[in-house]
Each structure stands twice: as structure tokens, then as C-alpha cells.
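Student: Here you go, one structure.
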């Protein structure tokens, strides 16, 4: 159940709109003379949805220091507690202010878990399975979205105006699982070594690998930590924010910024946040729109399994290229079909057959995202940074993700109103740009041990220019120290 992405279903419920956003409900019910593109355009409604992402953006800069000092485990615990508080407040909300404060608490939870969980999975997984195990996180997110859509579909039928409270309040259940479950997890060996707990790191490594023969991997992790001191001449555990801006980290930093930026400009959140609203806009009834959102959620789950099965064999680059092409074509078709029916005026009625056709191509689009930019947008930033700047780098990636998500969530309904069907062409143009970019500039990282990831960037045709002879000498010193 996903407390971050199910608000679109709640905002399509008449009982919710009537209590908190009556002007939107009135506009929807009297929309005969209103453009289909504009009838849900409401600044308070978008503020409710997007407040979560602004809170996550601000919190992400503080969470990095917390995660580095106390470890990944306690960061995930903090996220679970924040989720629990936010879900409880939203379920009991009596006014818009309570809703927004609850969303802010959920946003803080997103910052904690969005930063620590991908790093934790990347550090715990063996190199040959890192992609598959990390994408397991994205699979659970898709299951959460699907579950949220099912809950919304059922809650919309509850009489007495309690449906939206059930939908928002049930988010407390997975929040409890996160908070309690994190207490039983060991911290990652990399994090323990970075905090000077070498023997504990060795014990955890033996436990998670299921063997006592971990000396080689343990040595690589210690060497990666020692490399920090070779570069800086001292313990570098105190300057991650300054270090991450240095020249030798700019390739990873560029990707950590551009990957979440591009991910949000695929337009996926237009579909996942506002799927019920969007399906209502193209003429499907309330129940039908929620059921269509359930269908897209199911497609999301199935397609994520494809990514899990292929990411460590085909690699990251091929999945991003194929998924990008699939999203590009489907978005152009969706925009064209909507444009044919509603034109630029937004007047007209769509036939059920054509509405079903649009839903089919939306499913094709969601599938393309779910086995490419969806999981890889989380995996790549978590695996490319060296240990010394990994929390800071991931924090920047999360912050960019939240900033772009906030901007898209805030701007989608006004953009739909003003750009009309051209909005889908807008996102398809960005999909073309990002597909060309990763084809040219993203190195392949499949199967590369996380502690040796720097080699991939140093040997890249473009990013290699950011490494100097001093960096190479440092790596030689580290290698010699292991002999």
C-alpha cells in the first residue's frame, strides 16, 4: 500500500472533494460548458498533493547526515515513524490544514526511506544480484500502488462519507511494518566500516553471505574506505557535502541529478498521481476510472518483474533505451487520440471504445516505464557513488527527485488546462531527449562491485576526463596496500 501515490484516487472521490474542496466538486458537476481539460484545475487541490514532495525535498538535506552518522537501519526506522504519524493525521483530518501537515510528515518519511533504502539494498546485495534485489524495492512500490488503487476502488463505495478516511488511514499499516521491521535488520557492512565498526561489519558480511569465506569482499570494502584517506590525507567522514562537489565526483553527481530529473519528465506521475482524474477527464465514470487505475497498477507490477529478470543480464542501458522508445511512441498515440476527440476546445464526448483504446496505450506506456526508468531511476543513483559521499550523493538525487515531482504535481492540472492534449507531446519530447542522453553518456554498471564502481567512470569516453593522474596514483596506493 503506497501512501505517497494514492492521493489521486482519493481526490476523485466526491465525499472527499465535498468536505475539503467543494469548489472543485461544484466545477466537476457543472462542467457541461467547461473544457474537459480544465474542469479539475484547482490550486488548493494540487497543493494537497504536492506538499508531500516539497517536504521531502527540504528534509532530504538533513537526512543524509543522519544516515551517515547513525546508519541506514535507523534512517529507515525514522521513515516508518514519520509515515505512521502522517497517515494517522490524514485519516483523522478535519480541515485542509490537517491534511497538508499529514502530507508533510509523509514527505519527511519519503526523504528518510528514499535515501536510505536504495543505498542499503545496493550495499547488502552481491554484485551479480544487485540490480535484481534493488529493483525488488521498485516492485514493492508497484505493489503498493496497485494495493492503493484497490483500496480506493473499494473505499469509494463506502456509504456515509468515510471512504476517504479509510483510504488515507490504512496507510498506517505499512508504516508500522517499516518502523518495526527495520528494528530487526542489521546495518550494512559498508556503513559499519565507514563508522569504524570493522569487526561488526565482518560478522554481518558472514551472516548475509552465508559463509565464513568473506575475506576478499571484506578487504575490498576496507580498501574502498581507505581510499578516502589516500585522497584527502585524513578521515573524510566529516566533509561529504564538500567532497561530493569535487571534480572527481562530477560524473556521478551529474547522473544523480539528471536521472531523477529525466525520470519525472517521463510524465509517469501524471498517470500514477492523477490516473482516476485523467480517466474521468476522457469520459470514464467514477467507478470505471478507478478500475482503470487498478488495471494500470497491475500492469505496473507485471512489467517490474520483467525488469527484475533482465536487469543483471541485459544491463541498465538496454532497458532504458527500449523503455524510452516504448514510452515515446505510446505518449504520442495517447496525445493524438485525445486531441482527435476533444481538439483544442476540450468539448466533445469520447466513445467507450476509444476510451478503452486510450487506457490500453496508457498501459503500454506504464509497462515501458516499469521495466526501465521506474526501477533504474532508483537503482542507478544508489550504486554509482563511492562510499565516502554515498549518503550525500543519494540525498542530492532524492532532493532533485522531490523537486521535480513537486513541480510536475503542482503544474500538471494547469498544464493540462492550457496545453491540452499537447501535454503528452511535451512529455514525449523529453523522453526522446533522455533516451538519447543515456545512450551516449551512461556507462554500463551491471555486475560491477559497488566498491569498484569508480573504474567504470574513469574508463568512460566522456567522463574519464574528470579524473587526473592523482586519482590513478591513489588507486595504485590502495591496491598496493592490499598486497
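Backbone N, Cα and C atoms are what each Cβ position is placed from, and that goes for glycine too.
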Student: Which one of these stretches, 213-234, 323-344, shows up in TrEMBL as transmembrane segment?
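Tutor: Per TrEMBL, the stretch marked transmembrane segment is 323-344.
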Student: Given 253-277, 453-477, which one carries TrEMBL's transmembrane segment label?
Tutor: 253-277
Student: Could you pull out which residues elsewhere in the chain have a CB under 8 Å from any CB of the transmembrane segment (99-121), counting only those six or more residues past its ends?
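Tutor: For the transmembrane segment (99-121), the sequence-distant neighbours (Cβ-Cβ under 8 Å, at least 6 residues beyond its ends) are 3-4, 7, 20, 47-49, 51-57, 59-60, 62-64, 66-67, 72-73, 75-76, 78-83, 85-90, 93, 130, 133-134, 136-137, 168, 171, 175, 178, 185, 188, 378-379, 381-382, 390-391, 394-395, 398, 401-402.
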Student: Same chain only, please: residues at least 6 beyond the ends of the transmembrane segment (162-185) with a C-beta under 8 Å from a C-beta of the stretch. Say none if there are none.
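Tutor: Long-range Cβ neighbours of the transmembrane segment (162-185): 1-3, 6, 9-10, 13, 15-16, 19, 73-74, 76-77, 79-81, 83-84, 86-88, 90-93, 102, 106, 109, 113, 120, 144, 148, 151-152, 155-156.
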